[in-house]
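Participant: When I checked Swiss-Prot for this same protein, it listed these features:
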type     : residues : note
TRANSMEM : 9-29     : transmembrane segment
TRANSMEM : 41-61    : transmembrane segment
TRANSMEM : 95-115   : transmembrane segment
TRANSMEM : 145-165  : transmembrane segment
TRANSMEM : 191-211  : transmembrane segment
TRANSMEM : 315-335  : transmembrane segment
TRANSMEM : 347-367  : transmembrane segment
TRANSMEM : 378-398  : transmembrane segment
TRANSMEM : 422-442  : transmembrane segment
TRANSMEM : 509-529  : transmembrane segment
CARBOHYD : Asn565   : N-linked glycosylation site
Amino acid sequence: MALIQTSLIWVAYAVAIAILLAIASIFVFLYQKPRDRAASVTVVCIFTTLALLATVLLIPVDVALVSSTSRSSLGQKKDWATPDKVHGIVRTLEIVYYTLYSLDALLCLIVVPFTYFWYEEYDEDAAEHGEQTAGQRIWGAFKYTIAFLVFVVTIFLIGFFVPFAKQAKDDKRLDLDYFKHLLSENHGERALAFALGLLMTVGTVLFVLYTGAGMAMLPVAMIKSAPYVSNPTLAANTASQLEANRERQRQLEGRNEGRDGGLDARDRRELESLIREERTLIRRERLAAESSGEDRHWIVKTWIKIEAVFRPLKLVGGLLLIVVALVIFASMLITGIDKAKNSICGAHCGYILGHINIFQPLNWVLVKSSKVFPIDYVLFLLLVLFFFSASVVGIATAGIRFLWLTLFKIRKGHTSPQAMLMATVLLTLIVLGINYSVAMVVAPQYATFGPQTYCDLSTNSRDETPDCSEHKDLIKPCSELAKNPSAQDVCTPSVLSTFINRVTINFPFFGVVLFWSQFAFLGVYLIVFVTTLFRVPKIDQDQVDRDLEEEEEEGLLASTGRRFNATWQDITGRSKQTYGATESRNGEHS
């Protein structure tokens, strides 16, 4: 029975990985520029996105596996859950976590930078004339990658050794053996804890800036983007109007052929107006082609069809996401206040909370649903995808910046390969920030013990197992502060919570920054949410030719019935003959 249960948990994780592969592919193909698509960049971005999402979605697997060793209804360990069995489960999870974190680090520090420099090294003219070989590109990318890696490792070593060097100097033990002991201590787990804490802290800063803003903008953007005229109809109407426009231009030019004075004032004004209208129609034609997925990958075309199906639900979905965002906001605020007020050790250990003292809605929902796997897995998957989507929206809105300088812009169908790689690295770091936030703030009880309980009944001897079958009121949720010795035998904390607690205890600075950053996240969300409700974003004048579709789509809006008809046309790919505008235009120029 135990083997079946654990196998089903891992099967659910495998199914989630397959879903994540589709999501990662949609994200990459939807945002990258089709004309500049490079196979190496596409594969690296998809695989890196898949790895980072797989890392954060290991949390419910972690919770389900450690919780499967106990009976929450009785607060006892199951008969098969011997210490060796439990240790085996924990050890397996540790190996998977180390593998995924190492893979994320390998991708961010070596693979993605190498791919970035490989793409930058390409010289089209030199390649056409045979002056640049693949070996030269590889060597150039390799040199820059090594330089980047040396820079990162140097920062890591300085950050890791300087505090301990000061401590060793104070203790008059400044020798090489002391530093060897630091690296060998707990098989290097302290060094790994520092590396994880450093990356998690950097990721949390990005999480505050990008995800905090994106979580506020995502629902509002869905609400404000009302259903518009279908892409097939837009293409048909535009083609008809463009043909009529050019025919009228030919008539004007033909009428004035051979005339000495050229066009008269009235015809000249009309021709200039037609030329301006032609440019607008050409932009609109390009918009229709891009929106319908013309010349795009089949994944993008499929996604456009799916969007068309759910387009009528955008308003409802946006309102629902606002409710979800506000519940997350309230849950994080409650946990933050609880930790600040009731932490067992305060800033000395990163504000670890022994047990929840204030009712927290999101944590309660996940704990209750975790009793019936995989309900909690589905809810957690949706929660992670919401954070991920919010991060993407935040990056797409703000762009990739250094201080006030915009280095890259992230736009659907217009993102360069270099920008895609940079965005992927940012998302990887942000997911590490999401890891901390979900496990320690959003749902701390769920991410630590899940639905595990223990029997708080006194026994005559240490070896005797307490029985609460007749005392249900003594069955209590597992907690780090439980004083009953039986709690230590029954309660098994998740591997991730152990990792994070190890980081915050060994390196309190990381714990303080990670904790107070959650309040900064809430502040950014609140400011952007209120601002977004009352202020419409301005269009970048430098990208009018590319972004004009928003104004044009709004100008083509019609009745509600027409909007739902547009949805059906997008699904089928067929359009009606006219919408009236074409008829009037044809009649005007006939």
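Quick reminder: no glycine exception, Cβ is built from N, Cα and C everywhere.
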Participant: So, does the transmembrane segment (41-61) come close enough to the transmembrane segment (191-211) to give 3+ Cβ pairs below 8 Å, pairs being at least 6 apart in sequence?
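Facilitator: No, the transmembrane segment (191-211) does not contact the transmembrane segment (41-61).
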Participant: May I ask whether the transmembrane segment (422-442) has at least three C-beta pairs under 8 Å with the transmembrane segment (95-115), counting pairs 6 or more apart in sequence?
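Facilitator: Touching, yes - the transmembrane segment (95-115) and the transmembrane segment (422-442) meet the threshold of 3 or more Cβ pairs under 8 Å.
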Participant: To the transmembrane segment (378-398), which of 9-29, 41-61, 145-165 is linked by the most Cβ pairs under 8 Å?
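Facilitator: Comparing 9-29, 41-61, 145-165: 41-61 has the most Cβ pairs near the transmembrane segment (378-398).
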Participant: Who are the long-range neighbours of the transmembrane segment (509-529) in its own chain, taking Cβ under 8 Å and residues 6 or more past its ends?
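Facilitator: Long-range Cβ neighbours of the transmembrane segment (509-529): 197-198, 200-201, 204-205, 207-209, 211-213, 215-217, 220, 325, 329, 332-333, 336, 339, 347, 349-352, 433, 436-437, 440-441, 503.
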